[in-house]
Amino acid sequence: MADIPAGDAAKGKKVFVQRCAQCHTVEAGGKHKTGPNLSGLFGRKTGQAPGFSYTDANKNKGITWGKDTLWVYLENPKKYIPGTKMIFAGLKKKNERADLIAYLEESTK
């Protein structure tokens, strides 16, 4: 289990708006954009948001999204899921990743 620092959801919302919102929505019933809607993300397996067209790499990764998996994925998405179509380079700063995860945990329920 990764040593994940406590995040600040308010700061994480700013990270989401700046780095993620161009391709993702978080609200229940939100539409897919270039990337899938993230509502219900925690506890869902990779490649499983209904109605979104995923790569085989995402569908076949077979992990369940949670703090630990998001921590590793958000640092370097293409390393964690080679073949993903997510073009985001990742968040190298631990505090930004922790804040974003705190925001996602709160906003995608």
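Each residue, glycine too, has its Cβ placed from N, Cα and C.
The heme c binding site annotation in Swiss-Prot covers C20, C23, H24, M86. Sequence-distant contacts of C23 (heme c binding site), defined as residues of its own chain at least six apart whose C-beta falls under 8 angstroms from its C-beta, comprise K33, T34, G35, M86, F88.
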Excluding near sequence neighbours, so keeping only residues 6 or more apart in the same chain, what lies with its CB under 8 A of C20 (heme c binding site)? F88, L100
Give the sequence-ordered set of same-chain residues, not counting C20, C23, H24, M86, with Cβ within 8 Å of the centre of the Cβ atoms defining the heme c site. A21, Q22, K33, T34, G35, F88
Hey, what's the widest CA-to-CA gap across C20, C23, H24, M86, the heme c contacts in the record, in Å? 11
